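Feature list (source: TrEMBL):
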- 1-31: region 'Disordered' (REGION)
- 1-18: compositional bias 'Low complexity' (COMPBIAS)
- 45-80: domain 'FCS-type' (DOMAIN)
- 141-245: repeat 'MBT' (REPEAT)
- 253-354: repeat 'MBT' (REPEAT)
Amino acid sequence: MFDGYDSCSEDTSSSSSSDESEEEVAPLPSSLPIIKNNGQVYTYPDGKSGMATCEMCGMVGVRDAFYSKTKRFCSVSCSRSYSSNSKKASILARLQGKPPTKKAKVLQKQPLVAKLAAYAQYQATLQNQAKTKAAVPVEGFSWGNYINSNSFTAAPVTCFKHAPMGICWGDIAEGVRVEVPNTDCSLPTKVFWIAGIVKLAGYNALLRYEGFENDSSLDFWCNICGSDIHPVGWCATSGKPLVPPRTIQHKYTNWKAFLVKRLTGAKTLPPDFSQKVSESMQYPFKTSMRVEVVDKTHLCRTRVAVVESVIGGRLRLVYEESEDKTDDFWCHMYSPLIHHIGWSRSIGHRFKRS
């Protein structure tokens, strides 16, 4: 910008020592004062340009009036202050984890304490941003509360032959007794109690503990195919304790006789129910398998897709050309939209090559 302006990228450690050892140049007459830069063009009285800016205080003046041969500072004090601030900048660089360098940026017009405070605030901002970007746990949708609060009737699983347990769901109905964990208990160990199915909604069942009669205060929803749902008699064969809920513990003195009376003639889950659930969740499709599937942008042709995930017989298919795995869609494994590799060629159907 100005003639003879020395850049800050010079070796500060050597410049400060050399400046102090150099002799002062005789100042020019007072008719050429050092003045601040206000955007004007400075010239010598003879019309020749030759201005300089002090690298420490920012003062602008005639270049020949500046201190030392390099003409980087307007006075001895600015030269020494520049050297001192360079050392402070080196210390700050170490505090910030940066390698010290001779070309450290000078802390102009800001004390070291202010720089350290600014750095601490910067670190706190980074931590807050990291917390904001952290994954927020998403709460699952409660079908039980949704159906119960609106008095809706859900289609039974038997309506969907392709769904898990769709063929053998006839064993599940209202009034069936099961053994489930007892949550109304103060014992430190996990205990169980018998409950009856009050309402069915898909795979979910509204259960009521035996002994509550018409009291629905402790009714709860659960997945009837869950690992904690067992047929009556499972606790006896597994050595698990049956403990009545604390709310109704005072109602009967002989709970064994009460259960015998209530369970006589009642239905429960088949003994191999858990095995049937496990078998119904076995699918021939595995992740990373290739299939031919209809092109959703051109329905008259097919494309190669990769099975990304399998959930309940539903497949998430990602087109093979999709690099970021966003070009995808879901379909059931029995869907007529998917075929084995080579299907299009065998029947002469249009096919988009990878």
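Glycine residues also receive a Cβ, built from the backbone N, Cα and C atoms like all the rest.
Residues in the repeat 'MBT' (141-245) partition by DSSP class (helix H, G, I; strand E, B; coil) as 19 helix, 27 strand, 59 coil. DSSP labels the residues of the repeat 'MBT' (253-354) in these numbers: 22 helix, 35 strand, 45 coil.
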